[in-house]
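The block underneath contains the structure these notes are about, expressed in structure tokens.
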Amino acid sequence: MTSIGQLRSQVASKERSAVEVARQYLERAERLDTEVHAFLRLTPERALAAAEAVDAKIARGEDPGLLAGVPVAVKDNLCMVGIPTTCASKILENYRPPYESTVTRRLEEQGALIIGKTNLDEFAMGSSTENSAFGPTRNPWDLGRVPGGSSGGSAAAVAACEAVASLGSDTGGSIRQPASFCGVVGLKPTYGLVSRYGLIAFASSLDQIGPFTRTVEDAALVLQAIAGHDPLDSTSLAVNVPDYRQALISDLKGVKVGFVKEFFAEGLDPDVADAVFEAIEVMRDLGAQIQEVSCPRFARGLSTYYIIATSEASANLARYDGVKYGLRDREADALVPMYGRTREEGFGSEVKRRIMLGTYALSAGYYDAYYLKAQKVRTLIKQDYLDAFAKVDVLVGPTAPTTAFAFGDKVSDPLSMYLSDIYTIPLNLAGVAGASIPCGFDAKGLPIGFQIMANALEEGKLLRAAYAYEQATEWHKRTPALAAEALTR
């Protein structure tokens with residue numbers, strides 16, 4: 001699979017035109033997606049127009065951008081002017097945004113070719129992409145298994161080589177967990193480093209946009225393109241974005257690495273544990289100083305998250321009432337029944353479940369007992385991570401307790417599904433950075449993810465650790481059979 005750097009070089013040197021690249025990937029995505037269903041729609045007109053603009057810049061001798069000629073897919077909760085943006089929900093099935101998300105604008109300013117919008121769990125609520133109103137995405141490594149979620153389509157598109165990179169959103173693990181399940185790199189940046197303007201909100205204090213790629217270097221390049229302050233997002237951090245490529249060093253001499261002991265307790269699959277411990281030993285061989293670190297309030301993370309996230313979701317999703325945009329029930333004879341029937345028809349069962357949980361947590365008489373208490377525990381969880389990062393440069397552990405599970409295995413057991421994110425959720429509560437990189441395969445031949453975590457705005461440390469590990473191993477070079485076959489055509 002061609003990397004971002006290689007592809008940009010080929011396009012910039014006129015070895016290949018950006019238009020040629022766009023057509024190649026659009027054709028491949030159309031062919032492979034009959035099996036994978038990573039995309040909800042392809043955007044050929046937009047991609048080809050962007051490709052023509054890149055080729056024109058090169059012909060004029062201008063800098064075509066950091067991502068010139070690179071086919072990128074974006075999760076379908078990121079707004080693009082005039083292109084249906086559904087959040088994989090019937091309530092937004094025909095919604096065409098009148099404005100552009102900051103991240104898609106920045107991608108195209110750097111020469112990226114946005115080839116399509118990817119599938120997700122409805123409103124990014126789920127861990128398997130089974131909650132999409134438009135059908136599930138399949139894991140390219142085993143079409144009978146889930147790709148993870150909620151950004152399952154974005155992860156599967158990169159794993160299947162339908163796109164060189166993609167964007168997802170991560171509220172409690174929705175980039176890192178599918179990256180683990182699909183055997184790709186997934187990066188959740190520090191909260192506020194990447195603008196959320198144009199991201200349709202799930203839980204506003206937790207949501208963050210980040211890239212999926214096949215290599216750590218490619219993730220650094222995409223992050224470079226999309227990071228930075230945005231006056232359109234009041235939560236965007238006013239910080240200078242460093243050159244993340246300078247962090248890509250292939251040794252870990254002097255780097256302090258802490259493994260979180262609470263991540264290795266009951267519930268962790270033995271194959272996953274073995275692969276992660278082997279990855280830690282590789283880091284030791286690269287010169288890292290390894291030590292055990294404790295995050296004592298780890299066990300409170302899941303319940304804290306599901307109070308805060310659902311509370312914010314119930315408020316954010318109150319706007320979908322059939323009045324201004326989206327689905328509207330046409331049979332109701334009064335306003336209040338129209339509200340109810342619109343939401344009943346438009347929302348799926350998991351979204352309704354989370355709205356009800358959040359509404360309950362915010363209701364009079366329960367606000368202090370649930371929501372306010374959860375916010376206090378969130379502060380304590382954040383302090384756990386601050387204390388840990390005072391001792392080490394990065395933390396490591398498994399991304400998910402298991403590898404990809406079969407379709408239907410957890411649908412009837414929401415708690416079991418929620419536990420898929422038990423190792424990723426605390427980072428969103430703390431607002432720090434995390435990434436999942438491939439570190440092996442289980443006995444069934446399914447990918448295993450290795451989670452590397454760094455303090456807020458220390459993506460450079462995270463990328464250095466991830467890059468050094470990646471360069472010492474071969475896991476990122478493995479490709480699913482269906483993608484390998486497509487690449488030979």
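Note that the numbers count up from 1, one per residue, in the order the chain is shown.
Placed from the backbone N, Cα and C atoms, the Cβ positions cover glycine too.
Lys75 (active site, charge relay system) falls within a strand segment according to DSSP. Around Lys75 (active site, charge relay system), the same-chain residues at least 6 positions away in sequence with a Cβ under 8 Å from its Cβ are Lys117, Thr118, Leu120, Ala124, Ser151, Gly153, Ser154, Ser166, Leu167, Gly168, Ser169. Feature annotation from Swiss-Prot assigns active site, charge relay system to Lys75 (among others); the stated evidence is sequence analysis.
What Swiss-Prot records for Ser150 (among others) is active site, charge relay system. Neighbour density for Ser150 (active site, charge relay system): within 10 A of its CB lie 35 other CB atoms from the protein chains shown.
For the recorded site, Ser174 (active site, acyl-ester intermediate), the DSSP three-state label reads coil. Proximity of Ser174 (active site, acyl-ester intermediate) to non-local residues of its own chain (separation of 6 or more, Cβ distance below 8 Å) is seen for Asp121, Ala124, Ser127, Gly149, Ser150, Ser151, Gly168, given in sequence order. The active site, acyl-ester intermediate annotation in Swiss-Prot covers Ser174.
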